[in-house]
Amino acid sequence: MENTTANHVTINNPADISVILGYFMVVIAVGIWSTFRTDRGTVGGYFLAGRTMVWWPVGTSLFASNIGSGHFVGLAGTAAASGIAVGSFEWNALFIVLLLGWVFVPVYLTAGVITMPQYLKKRFGGSRISLYLSVISLFLYIFTKISVDMFSGAVFIQQALGWNIYVAVIALLCITALYTVTGGLAALMYTDTVQTFVIIAGAFVLMGFSFNEVGGYSALLDKYSLSLPSQRGFNISEQCYTPRGDAFHLLRDPMTGDLPWPGVLFGIAIIGSWYWCTDQVIVQRCLAARSLTHVKAGCILCGYLKLLPMFLMVFPGMISRVLYPDEVGCVEPSICTKVCGTEVGCSNIAYPKLVVSVMPTGLRGLMLAVMLAALMSSLASIFNSSSTLFTMDIWTRIRPQARDKELMIIGRVWILCIVAISICWIPVVQAAQSGQLFDYIQSVTSYLAPPIAAVFFLAIFMKRVNEAGAFWGLMGGLVMGLCRMVPEFAYGSGTCLKPSNCPKLICGVHYLYFAVLLFFCTAILVLFVSYNTPPIDDKHLHRLVFTLRHSKEERVDLDWEEVERGRKARREADEKETVVTEEDQIERGDRSIMMMIIGWFCGISDTQAPEPTEEEVAEASKQLPDISEDPLWKYLVNANALIMMSVAVYFWGYYA
Amino acid sequence: MGKSVTVVHWLLLTLGLVAAQAEKAEQVLPNWLTGIIAVGVFFFLIFVTFLVNKAWCETPSKPEAVPIEYAMTNVSTRLDAVRSIDDPNAYENAIVHQTDEKATEM
């Protein structure tokens, strides 16, 4: 897939290159500084940054982990094609992120868990639910987040530098893997602050230049509906290349709109709840905070930052269509193939086209740094969290006696595996999306995520829900989701020129409506099965449900058997090792220099602290995590949340 | 308080839509006015929720206050250890193993 437009510009001048190098210097410096600053001696220190993060790295890390290159390319591209409604995905998150901080994180904090499958394991007992959640989360990471972000980053590099898409992808992955390997969560969160500044600064600059180029905000409002491509085939219906009439409305017709308003309000809320409240990547950042007040303040900061993508990405996407209707708004398949390599449509190149054409020299390098920042921050977070999930939830079940060194190695090997799988998935992403990347992510997510959101909501709010209910609800939801997803992918999503053959019964329901339907069906199934099976006793549920989150009573963990087995296995492995090393020490000489360098680089050391004895464990479990808040700060934070919600409501009302 | 407010938000947006739909037919209200009306309705709903919260949720909380205080005195000394930032055991989880080495970052 080679780019052959005449005016693609390579970033090869000193100003651009020095900007990019400067960016990398700053990021690496911040990464190194933060590794010295936090104690990574304990697993808590390693996975959760020692729970010492204050509110601003939490907030910026939430934002940077969420905003990836997929947002730049996907939001702008979908906006170019269909207007501002795609921004409602971002503005819906303003409220969901408050739900995260006020409802979900207090429960996760008192439960004392590190991963989400672990929470479900404690809440319900048994291991099939947590295994299912780990597997499906990893699946969703690979097929929606990682491959889309890599594809978008590669599209951008291809447009800006003219490289082959696979070369671009592999280069990006090498940089990100390097970055992930050398930084722990603390380093990731501090560098995310730098990335957020870079992203926002660069995107603001581009927005300024774009608005200048198009002639101002009101000029955009007027010109958008007039931006038609000059070459339209004879047998292409008018609605395929004419901008939508409701392009500047967030809430659109429930029957004929491409994003109907009930779907936007409720469907996106459900998908958003899955993404922000139950997903490992996001929740891990909140769990790393110093106290609940810092979590809430971080969530508010993230909310304010989420106001920006509408102005930084959605409007520039529309401006791109106004300025380059023949390329971004192309409709004739042969022309589209010439412009961007896919015949279905070229709206994906909206943002890269702006960067290449509108930005002056020197600032183009800044925009490349912005894209790299967005890409690297979200990919690194996803890699980190998915390897956490894999090592803590899947590998420890296979080998409970695994010690830290083995877990760290497995984590890295796993990162390489998912990277390889994601590269292989790129051709499918290219083919499947009808030129609208964001739609692809959201539709796959809305077929698979609502059951998980339903189970988590019910797990937190209803004590009566038990393991059988949750498991069969998840399975039923999965079957229902697959019934919709498989035919839709088999028939192809179709384009305006060549609509898909998918039967109306299956594909006629909009994916957002389907998400709402799936959510409620799963909830009903969960409740039905739960009420027909024995309940879970309160003594197992202290600090695992919302109503019992302040309870100080002793909890009998449902998974204590498995935990004990694991601990015994590790103790046995310890004893065997001490016997072996005593014999070994006399024979083995010095370790080779090469092994030591690799060990230092990867941070793997030979020493391993012994598994705590039973008395030590009993002592440790008596220390309860604290979610109390200083009353003054609590009121301040609540007031701030109200202010943020009012601002959000104002903007929704403005653009409705 | 957060969750009831979030519920309120949905109610509000639905109302906001009604206003928007009416607006499409008439095109009378400018954008900023719709925004301000939406905020006004939102504040009103917050106020109503607050009143409901005050009136309805006061009584059930009293009987719980006594047993919690009793439990609190037993663990208050340990809470100091939990609150310490530098204490590596602060949020020790039964599954998590303690290590003192410099573990790897990912």
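Including glycine, each Cβ sits where the backbone N, Cα and C put it.
Just so you know, TrEMBL annotations are computer predictions that nobody has curated.
According to TrEMBL:
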type	residues	note
TRANSMEM	A:17-36	transmembrane segment
TRANSMEM	A:93-117	transmembrane segment
TRANSMEM	A:129-157	transmembrane segment
TRANSMEM	A:163-190	transmembrane segment
TRANSMEM	A:197-220	transmembrane segment
TRANSMEM	A:259-277	transmembrane segment
TRANSMEM	A:298-319	transmembrane segment
TRANSMEM	A:366-386	transmembrane segment
TRANSMEM	A:407-428	transmembrane segment
TRANSMEM	A:469-491	transmembrane segment
TRANSMEM	A:511-531	transmembrane segment
TRANSMEM	A:635-655	transmembrane segment
Flag the pair the transmembrane segment (A:129-157) / the transmembrane segment (A:366-386) as in contact if three or more Cβ pairs fall under 8 Å (sequence separation 6 or more).
yes
Flag the pair the transmembrane segment (A:407-428) / the transmembrane segment (A:469-491) as in contact if three or more Cβ pairs fall under 8 Å (sequence separation 6 or more).
no
Between the transmembrane segment (A:469-491) and the transmembrane segment (A:298-319), do 3 or more CB pairs sit under 8 angstroms, pairs being 6 or more residues apart?
no
The transmembrane segment (A:17-36) and the transmembrane segment (A:259-277): do they have three or more Cβ pairs under 8 Å, with pairs 6 or more apart in sequence?
no
Using Cβ atoms and a strict cutoff of less than 8 Å, what residues sit near the transmembrane segment (A:197-220) while being 6 or more residues removed from its termini?
23, 64, 67, 72, 305, 308, 311-313, 315-316, 318-320, 322-323, 354-355, 358-360, 363, 366-367, 369-370, 373-374
